[in-house]
Amino acid sequence: MHQKLLKSAHYIELGSYQYWPVLVPRGIRLYTYEQIPVSLKDNPYITDGYRAYLPSRLCIKSLFILSNETVNIWSHLLGFFLFFTLGIYDMTSVLPSASASREDFVICSICLFCFQVCMLCSVGYHLFSCHRSEKTCRRWMALDYAGISIGILGCYVSGVFYAFYCNNYWRQVYLITVLAMILAVFFAQIHPSYLTQQWQRLRPIIFCSVSGYGVIPTLHWVWLNGGVSAPIVQDFAPRVIVMYVIALLAFLFYISKVPERYFPGQLNYLGSSHQIWHVLAVVMLYWWHQSTVYVMQYRHSKPCPDYVSHL
């Protein structure tokens, strides 16, 4: 029996000269970088552990095997359950205890819903990227990109709402601007041309622009509240900075393909840049959720100052 199991096992390398047998269900096999279709060849430093040429049923079944996508899938699947659980907890405990208004419930619901959609789109892509139909793979890739935009939208909606809580005019201006910008990017992402080679360099630029736009309302918010010496600025601005630092760190891992660039073939299953990007994405969204709850409680505990209300 033991020999039969070993015959059906795929041996993976976890560190130098350490090989471990991994059982793979019938109909699924793991491929090397040279064996996979061109559409999957994104990172030459990940040399093994690829799923490919699978029908939908086996794509779903591959959720429970160890491949180079396992951490990517489960990190955001668990991230989805994290934000789903936080949603229930917020609606039943956190918001009622803070005497939250109906608007607070709506904003927090939108924020967490966007985070959950972001997580699920990522899970869907990494689960079905091995589909035998390249068209199906590309559709899921487009949804993955769109999911990132939706996650960014969740950050903007909650951030703008509470930053300009006392400035209804500017709150509406920035919310409409952000919504229009995200919708434009969303429709571009689901267009077939977005995933072509011609757009390869433009895609990260678009994401950086959409994310970096948040600096404009942030600086405006600091000015409206009386500068960096204002208590709310000193309380909340560091949280915004931490979020951007996490996002920048995640993006640097994503584009640099570090650390596997320096250890090709050694980080196929654990510790690759894309896995770090995924974990940092969950950390960033969780941090922003906690910051949103913090500033919401702050807004309910302290009234709007007169010099802000009339601007």
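Each Cβ is built from the backbone N, Cα and C atoms, and glycine gets one as well.
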Exercise for the section: State whether, in Swiss-Prot, S272 is on the same side of the membrane as G226. Expected result: no
Completion exercise
Ranges in play 61-71, 127-137, 226-236, 270-280, with Swiss-Prot marking region 'Golgi targeting' at 61-71
Handout entry: Average pLDDT across the topological domain 'Lumenal' (92-104), rounded to a whole number
Key = 96
Handout entry: Sequence-remote partners of the transmembrane segment (173-193) [C-beta within less than 8 Å, at least six residues beyond its ends]
Key = 138, 142-143, 145-146, 149-150, 152-153, 156-157, 160-161, 164, 199, 206, 210, 213, 217
Practice task
Helix, strand, coil: count each for the residues of the region 'Golgi targeting' (61-71), based on DSSP.
Solution key: 6 helix, 0 strand, 5 coil
Practice task
Could you tell me what the rest of the chain brings near the transmembrane segment (204-224), counting residues at least six beyond its ends with Cβ under 8 Å?
Solution key: 148-149, 152, 155-156, 159-160, 163-164, 167, 170, 174, 178, 181-182, 185, 188, 230, 233, 237, 240, 244, 247, 251, 255, 308, 311
Handout entry: For the transmembrane segment (105-125), sequence-distant contacts whose Cβ falls under 8 Å of one of its Cβ atoms, 6 or more beyond its ends
Key = 72-73, 76-77, 79-80, 83-84, 86-87, 90-91, 95, 140-141, 143-144, 146-148, 150-151, 153-155, 157-158, 161-162, 278, 281-282, 285, 288-289, 292-293, 296
Fill in the blank from the handout: For the transmembrane segment (71-91), out of 146-166, 236-256, 276-296, most C-beta pairs under 8 A are with 276-296
